[in-house]
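The next block holds one structure in the form of C-alpha cells; read it before the comments.
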Amino acid sequence: MSASDDFDVMLNEIGDFGRYQVGQYVLYGLVFFYSAFSPIVYIFTATLVPHRCLIKECGDDSETSPFSPSWLKDAVPFTSGEPEKCLQFLSLNNTPALCDFDNSMTVKCSDWVLGGPERSIQTEFDLMCSENEWKMALIGSINSLGVLISVPVVGYFSDRYGRKIWLIVTLVASAILTLVKSAAFNYIFFIVFEFLEALFSGGIYGIAFVLALEYVSPKRRVALGDMIAAWSYTLGNIFVGVIAWALKDWRQILWVLNAPALLFIILIWLIPESIRWLLSQGRYGDAKEIFTKTLKYNKKQISKESQEKLDLWENTGSAITTSDGDESLWTSIKLVSKSRILIIRLFICFYCWIVITFVYYGLTLNSVNLAGTDDMYLNYIVASLADMPSALFTWVGMSKIGRRKTLCLTLLVSGLACFVNPFVPDDAMEFRVPLYVLGKLAIAGAFGVIYMINAEIFPTKLRTSLLGLCSMVGRIGNILAPLTPLLTKYSKFLPLSIFGVMALVAGGLAFLLPETKGRALPETVQDAENLGQRAEYSLLVKYVNVFFPLSLSLSLFVSLSSMCFA
C-alpha cells in the first residue's frame, strides 16, 4: 500500500475532519479570503474618475465644484451626451467670472473638476484625459504578468522546500510590498511595486489550496477544499468592494486591506506542514509527529495495524514507499514529459485555465458598468455575490455527477449566457442582467472545479508545481481581460461573443479529462496515468486534429458577424 493510501486509512480512523482539521480550515479560510484582494483591488485603486475642465471664468474654484452646472454646455464641448474631459471652448475674456466663450474653437485645459468622491492613482498622479486611460488598464495587465511569473516559481519552491514556509513567505511579503506601494509618489513607483507584489501574492491561493486538499480524505475534498476556498475567496472579493465603497481613497483602501495581513506571520506556530508532502520527501518522523498531534486534538485512537505503520515512520520508509518514491523532482518532470497521457491532459488544462481566467476577470472588470444601476460599487458587489451560489452548485455537481461533467456544464452554461447576451435588445434589461449574472455564476463555478481537477490528476511531488504551471498559463487570460473593453469601439457584441465561443470550446475539451471523483490522490506518474484509460487518448489525438481548426473557424466567423451587427 502506498504512503497516500496508508494516510487516507489513518485519516478515516481518526476522523478526517476532526477538531484539529476544523481549526486548520479556519486559518486556511482567512488565507483564501486575503488572496482575493490583490488580483482585483486595482479596479478601485486605478478606477477612472469622471472629470471635466475647471472653468474659472464661470465660477469653478476647485476640483469639488459642481460637475454639471447650467452653463456647462456653453463652456465645454459635449460628445455622446457627456462633457469632454480635457477640452473647453476658447474664453473671450480672461477676466474671472465672465462666462463667455467662442464655441467654434477649443483649447486643452490643465485643471479639472471631478465627477465623484473617488480618489485613485488617476487623480493622484495627474493621469487625466483619454490618452492616459491605457495606463489605468495596464495596471491590471502588470498584476497578471507578475502572477504569471509567480505561480510556477512559488509552486516549484513549495514542492521543493515545503508548502508551509512558502505560504507564510508569500503572505507576509505580499502585505509588506502592498503597504510600500500605498506610499507611491508617482505612476512608475506604483506600477513597479504592483508587479513585485504580484510576484508573491500570485502563489498564495495555490499553496493554500493544496495544503487544505492534502489533509482530508477523497470524500471530503469537494465540501472542504472547494467550498471553503470558493466561499472565502468570494467573501474576500465582496469585502474589497465594501471597503472601496466606504473609503473611496486608494491609499486608505490598500492600508485597510493589507496592514492586518502582517499578522499572518503567526501561522509559523499555528499550521503544520503537509503530511503528504513530508511522506513524499521521506521525512517520516516529522509526519508522525504531526499525525500524533492530530490524534491528540481529535481525541481519537487508531487500529493496531495503523499504529505499527505509524511507528515505522520514525525509522524507515520501507513499509510505505512507492515504486518511484525516490525519484527527484527533475526525474519526475522528465517522466511527465514522456507521458503522452499527462502531456495531453496538461495542454487541455492550459486552454481551460486561459478561458476561465479570461472570462471570469473579463466579466468581473465589466461588472462595474453593469446596466441596472449607476453605482459601480453596488454593481461589483452584486456580480461578486453570484460566486456564492456557484460554489454550492459545483459542490453538488462534483459530489453527484463528478468533476469532469461539472466542469463541462459550467463552461457550456457560461459560454451560452455570454454568447446570447449581446443579442438581447437594449430595452430588455430584465433579461440581459440575469444572463450576465448567470455567465458570471457559471464561470466562477468552473474556477473552483478546475482547481480541484488539477490538484487531483497530477502526482504528489509535482502537484503544486503543475497546478502553478497551469495557473501561470491561465494568467494569459488575466493579462488580456483588462483590454477587452477596448473591443467595444469596433462592436458592442465582440467581447461577450468572444467570451462565449472560448467557453464553449473549453467545455468540449473538458470532456477529455479523467474523472477523479472518489479516487485517491496519485502519488506517482504511473498512478496519475492510471486515472484514465490509455485507449481513450488515441481517439483524443484524432479528435483534437479536427476540433481545433473547427474552433478557430467558429471564432473567426463570430468575430466577423459581430462586427457586421455593430
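Using N, Cα and C of the backbone, Cβ positions are placed for all residues, glycine too.
What you are looking at is a predicted structure, and each value in this text was computed from that prediction instead of being measured.
Sequence annotations record features per position, and here TrEMBL assigns domain 'Major facilitator superfamily (MFS) profile' to 88-518.
The feature transmembrane segment is assigned by TrEMBL to 25-44 (among others). Within the chain, the transmembrane segment (25-44) has long-range Cβ neighbours (under 8 A, six or more residues past its boundaries) at 17, 118, 120, 139-140, 143-144, 147, 167, 171, 174, 178, 194, 197-198, 201-202, 204-205, 208-209, 211-212, 224, 228-229, 232-237, 239-241, 244, 250, 253-254, 257-258, 261, 264, 267, 270-271, 361, 364-365, 368, 380, 478.
A Cβ distance under 8 Å defines the sequence-distant neighbours of the transmembrane segment (136-158), meaning residues of its chain 6+ beyond its ends; these are 38-39, 42-43, 45-48, 120-122, 127, 166-167, 170, 190-191, 194-203, 206-207, 210, 329, 361, 365, 464-469, 471-473, 475-476, 478-483, 485-486. TrEMBL lists 136-158 (among others) with the feature transmembrane segment.
Look at TrEMBL and you will find 165-192 (among others) tagged as transmembrane segment. Tertiary neighbourhood of the transmembrane segment (165-192): same-chain residues 31, 34, 38, 121, 125, 127, 135, 138-139, 142, 154, 157-158, 200-201, 203-204, 207-208, 211, 250-251, 254-255, 257-259, 261-262, 264-265, 267-268, 271, selected by CB-CB distance under 8 Å and a gap of 6+ residues from either end.
Remote same-chain residues near the transmembrane segment (198-216) are listed as 11, 16-17, 21, 24-25, 28, 31-32, 34-35, 37-39, 142-151, 153-155, 158, 163-164, 166-167, 169-171, 173-174, 177-178, 224-225, 228-229, 233, 271, 274-277, 451-452, 455, 463-464, 467-468, 471, 475, 521 (criterion: CB distance under 8 Å, separation of at least six residues from the stretch ends). If you look up TrEMBL, you'll see 198-216 (among others) marked as transmembrane segment.
Taken from TrEMBL, the feature transmembrane segment covers 228-247 (among others).
For 342-364 (among others), the entry in TrEMBL reads transmembrane segment.
According to TrEMBL, the feature transmembrane segment maps to 376-395 (among others). For the transmembrane segment (376-395), the residues of the chain that approach it from at least six positions outside its boundaries are 43, 47, 222-223, 226-227, 230-231, 233-234, 237-238, 241-242, 244-245, 363-364, 367-370, 406, 410, 436-438, 440-442, 444-446, 448-449, judged by C-beta separation under 8 angstroms.
The transmembrane segment annotation in TrEMBL covers 407-424 (among others).
Marked as transmembrane segment by TrEMBL: 436-454 (among others).
Under 8 Å from some Cβ of the transmembrane segment (466-487) lie the Cβ atoms of residues 39, 137-141, 143-145, 147-156, 202-203, 206, 209-210, 336, 346, 349-350, 353-362, 365-366, 450-451, 454-455, 458, 494-495, 498, all in the same chain and six or more residues away from its ends. Annotation source TrEMBL lists transmembrane segment at 466-487 (among others).
Taken from TrEMBL, the feature transmembrane segment covers 493-513 (among others).
The transmembrane segment annotation in TrEMBL covers 543-563 (among others).
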#### Entry: Per-region confidence, the domain 'Major facilitator superfamily (MFS) profile' (88-518) (mean pLDDT, whole number)
83
